[in-house]
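Student: Okay, handing you the structure first.
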Amino acid sequence: MVLHDNSGSAGFKRCSVHFGPFTLAVVSVLYACLITSALGGTDKELRLVAGQTKCSGRVEVKVQEEWGTVCNTGWDLAAVSVVCKQLGCPSVIKATGWTNSSAGTGRIWMDHVSCRGNESALWDCKHEGWGKHNCTHQQDVGVTCSDGSDLEMRLMNGGNRCSGRIEIKFQGQWGTVCDDNFNLDHASVVCKQLGCGSAVSFSGSANFGEGSGPIWFDDLVCHGNESALWNCRHEGWGKHNCDHAEDAGVICLEGADLSLRLVDGVTKCSGRLEVRFQGEWGTVCDDGWDSDDAAVACQQLGCPTAITAVGRVNASEGTGHIWLDSVSCQGHESAVWQCRHHEWGKHYCNHNEDAGVTCSDGSDLELRLKGGGSRCAGTVEVEIQKLIGKVCDRSWGLKEADVVCKQLGCGSALRTSYQVYSKIQATNTWLFLNNCNGNETSIWDCKNWQWGGLSCEHYHEAKVTCSAHREPRLVGGDIPCSGRVEVKHGDTWGTICDSDFSLESASVLCRELECGSVVSILGGAHFGEGNGQIWAEEFQCEGNESHLSLCPVAPRLDGTCSHSKDIGVVCSRYTEVRLVGGNTPCEGRVEVKILGTWGPLCNSHWDMEDAHVLCQQLKCGVAASIPGRAPFGKGSGQPWRHMFHCTGTEQHMGDCPVTALGASLCPEGQVASVICSGNRSQTLYPCNSSSSDPESSVVLEENGVPCIGSGQLRLVNGGGRCAGRIEVYHEGSWGTICDDSWDLDDAHVVCRQLGCGVAINATGSAHFGEGSGPIWLDEVNCNGKEPRISQCRSHGWGRQNCRHKEDAGVICSEFMSLRLISDSSSETCAGRLEVFYNGAWGSVGKSDMSATTVGVVCRQLGCTDKGSIRPAPSDKVENRYMWVDNVRCPKGPETLWQCPSSPWKRRLASPSEETWITCADKIRLQEGTTNCSGRVEVWHGGSWGTVCDDSWDLNDAQVVCRQLGCGLALEAGKEAAFGQGTGPIWLNEVKCKGNESSLWDCPARSWGHSDCGHKEDASVKCSEIAESKGSVKAAGHSSTVALGILGVILLAFLIATLLWIQRRRQRQRLAVSSRGENSVHEIQYREMNSCLKADDLDLYNSSGLWVLRGSIALGFRLVTAAEAERHST
């Protein structure tokens, strides 16, 4: 076999050694290439020899394994700088011909070296070529560098460590720096080196006093980015033509005692600019003072928007120093004194040229569009510090308009225009946007905008229509704030499909049109069919936006839509409330204006909390009482049936959640009333409780003196405000009522007093649990017509012979409850949705039922925050009573009762109309070593509990693992394998088949029915184990180690492969010798153009032969003898 050598492969060492045996050749070549690729280093080195420190000596270079010297022809400080940096001794002390020490021997590798100073290695500099020179070793160069450990710097006579005369310690002696050519770049290096921040100023002429000793530096050349002053270019240590009268000094930011303030302005962000320097305040001259300078000053003062740069015309005159003159900022500086300026205190000004600024912190800046039909179209109007102005169209273009639209969150500009005003109307304050590039996020970020009493030629006001411009209206309604929804986009009005408009979107629409809250949304062209455009977009409002144009939109997903599906909305303003029929403005019948019509409010849900908010809104103090029997008259028209859910802390009725109970009639004469404390809010007294007669607490009210406290009622433990154990407030504490003689007439009075309709059931024997504290009333005997329980006959306050096991309760007609009915006893968070109202259970219709509404139901039931609607079981065929349909909850309500719906009316409905819900499961694994192992715990009835291991097997475990997304079940653990839990044992005798989607689908005993202890808690181990708790990922190895490991693996694999090939070839030769030489071609090996990089190797098997392949030209391959013969010829 022959190994052919071909050189010329870029980036590789030449492989020229010939090998005989095939296997040894391949292994050697691969190993050499892998090692070369892994090391990838240079064969040149640099050192200093015969010096007194590691950073000084004769310069020697190692080339081709041989050390040699460098000739001093052309040798300068730039070359010395390269050597010092390369050796990690970046400070140049001096360059020298190394004649004061022994000369070098052997090669002189470099001559005529010419460096720029920024090279990373000496051999990167230009030179004659390796070994080319006309020198002797008497011309060998040397250097003296420093790593900085033997150099020090300090500032003297400045009063602190960050200001003063510059002094440097070199070779054990302190010396100064000459001020020749010293500037702010030099000062910046000094301040940075000393950790004193940026340079504020520099000085010469021994401003901080004359030093003594050597003058170490003169004519320094710094760029400002050097890490130390001695790294700047210089003539050499101690070389100068100065005396100490020229000693340089600096003042750094950390030692400058600098401050900035505004004086004599009308706001905290305006006024004359003053700077404190060296303990004294002074002004800034307005020479060259412009908007860039003002922008830096405003930013520094925490008022980031510069409105005007005030000069001599407007700024008041200061006194004392004029510290700065000819300030010239770029706009990006963090402080005014970082801008270019004359030396501190040098100026050519008087105080009538003092500079000032008018800035803003953003709180007094506003941008808006007016008169365009929506917030995203119209005339551009700005308000700056309470002064309103327009934008002049003289410099108005699409770029400026784009910035306006962007700032308002209205997309991009579709078109610009202008509004022409007469000269009489043109006394506006104008804003000129002179130089927006379109990329700004705010018009205040545009450069060189001008504001104030400027003249706008032709009196044109800029206008814009933005891409998000959507102007809504309601059309076809009988009253204002109701009708078909139409939206104007661009110049075109169009309708919205009823599948593309949610309750949240309707809420935003009502708010934008100043129509209060949404009452209902009606599909099917309820307000008549529109014509023309139907917008093919779905509004995706969250509900808290102020305008429809702020809501995201998405393309419609359900195909085409016709005008027969135009959406309509009915809004209502609950915020207009009044009291009518009383002797004072602070008492009377409660009337609410809804849909433009005033009407009395039904008192079936009116309570003291609602009354408190109403009195507060009307500035009538607090609610003293809510009398029944319509003492202020019934009013005209049918009372509104809306229910307010005030907590008593709101400032306005419009802040309270509202339930619209639809069109069912209010009981005759049940009109809400209130007596507020009015001007006597500070003189309210508790009702007289000294008498044993409950009637005494009412006498004050009937005599016209409002009282609070005794006789207040509440219902406890009933699941709602209109059912529960009765508790009455007296003498500062709550107590119960005994059930002796307790009947439906007594219960009627309680329900009426609480605004809960009529009594359905009068309960006794502590039906709603035993109370605590006093038992205030016994033998209550009402005739059913009293307005308050305290007006009924009884034994008197506190006179009783009862115990709390006799506490009375009530269920009123307005009590509402919620449940899910399922055939499975283990399912409490899934089933048919039912509500309890007016004493009877009924189902809820599924029309318009959304995921948000389902979430409210699940949360109200204490299940989870999410759920889904499921089909009704096919075996359910009987009709049942339904209470309500079209329930559509927005985001926010805590109960179903706060969601708009169709009117509440009991009717028969088929199972296909009913709502069936499954609330999202809550299951977890505890105490496991991973997220997919541990004790099984389930959430039920508001608490976590465990599962008993009776009948627990791998099928049950499989369902749990699947439910948690943890793959296959590996083990069904028993006997508290992961420790004993606490709390309830919710499930027992679980018997899954293994294919169920959740544990709740498996047969089991009823919830909480168990004969187990926690020592029998069930557990699981699943296959898809999540990252172990507390695990830490190991840090990655270095690339060199990784490459080395890769090389070893490849090499081992290659050796094994090639040994196999060799054995196979030997067997083939034996076969050839037995059948004749011409049966098989001889195999030869030849090298191609280059060795391979280790990361270019790719081994694959093709037609039974192993071939090495890379991303470059193949390094070698297997060829037949015939191919080798053609190659050799």
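Each residue, glycine too, has its Cβ placed from N, Cα and C.
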Student: Looking at 221-224, 869-872, 961-964, 1085-1088, which stretch does Swiss-Prot describe as motif 'Internalization signal'?
Tutor: 1085-1088
Student: From the list Cys55, Cys71, Cys191, Cys196, which cysteine is recorded by Swiss-Prot as disulfide-linked to Cys135?
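Tutor: Answer per Swiss-Prot: Cys71.
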Student: Rank aside, I only need the closest one: which of the disulfide-bonded residues Cys252, Cys329, Cys446, Cys802 has its C-alpha nearest to that of Cys510 (disulfide bond)?
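Tutor: Closest by Cα distance to Cys510 (disulfide bond) among the disulfide-bonded residues Cys252, Cys329, Cys446, Cys802: Cys446.
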Student: What is the Cβ neighbour count of Cys676 (disulfide bond) at a 10 Å cut-off, with all protein chains included?
Tutor: 28
Student: Within 10 Å of each Cβ, count the other Cβ atoms and name the one among the disulfide-bonded residues Cys436, Cys1002 with the highest count.
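Tutor: Result of the Cβ crowding comparison: Cys436.
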Student: Can you check which residue among the disulfide-bonded residues Cys405, Cys571, Cys738 has the largest number of Cβ atoms within 10 Å of its own?
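Tutor: Counting every other Cβ within 10 Å of each candidate, the maximum falls on Cys571.
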Student: Please name which of the disulfide-bonded residues listed here, Cys178, Cys252, Cys339, Cys615, Cys738, is nearest in space to Cys466 (disulfide bond), Cα against Cα.
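Tutor: Comparing Cα positions, the closest of these disulfide-bonded residues turns out to be Cys339.
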Student: Using C-alpha atoms, which one of the disulfide-bonded residues Cys145, Cys802, Cys812, Cys992, Cys1002 comes nearest to Cys919 (disulfide bond)?
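Tutor: With Cα distances computed to Cys919 (disulfide bond), the winner among Cys145, Cys802, Cys812, Cys992, Cys1002 is Cys1002.
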Student: Reduce the DSSP letter at Cys510 (disulfide bond) to three states and note it down.
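Tutor: The residue in question, Cys510 (disulfide bond), is helix (DSSP, three-state).
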Student: Between Cys329 (disulfide bond) and Cys446 (disulfide bond), what is the CA-CA distance rounded to a whole number of Å?
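Tutor: Cys329 (disulfide bond) and Cys446 (disulfide bond) have their Cα atoms 16 Å apart.
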Student: Restricting to the chain of Cys751 (disulfide bond) and a gap of 6 or more, list residues whose Cβ falls under 8 Å of its Cβ, or answer none.
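Tutor: Set apart from Cys751 (disulfide bond) by at least 6 residues yet with Cβ under 8 Å, we have Cys722, Gly757, Val758, Ala759, Val810, Cys812, Ser813, Glu814.
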Student: According to DSSP, which kind of secondary structure is Cys571 (disulfide bond) found in, if we only use helix, strand and coil?
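Tutor: Cys571 (disulfide bond) sits in a strand per DSSP.
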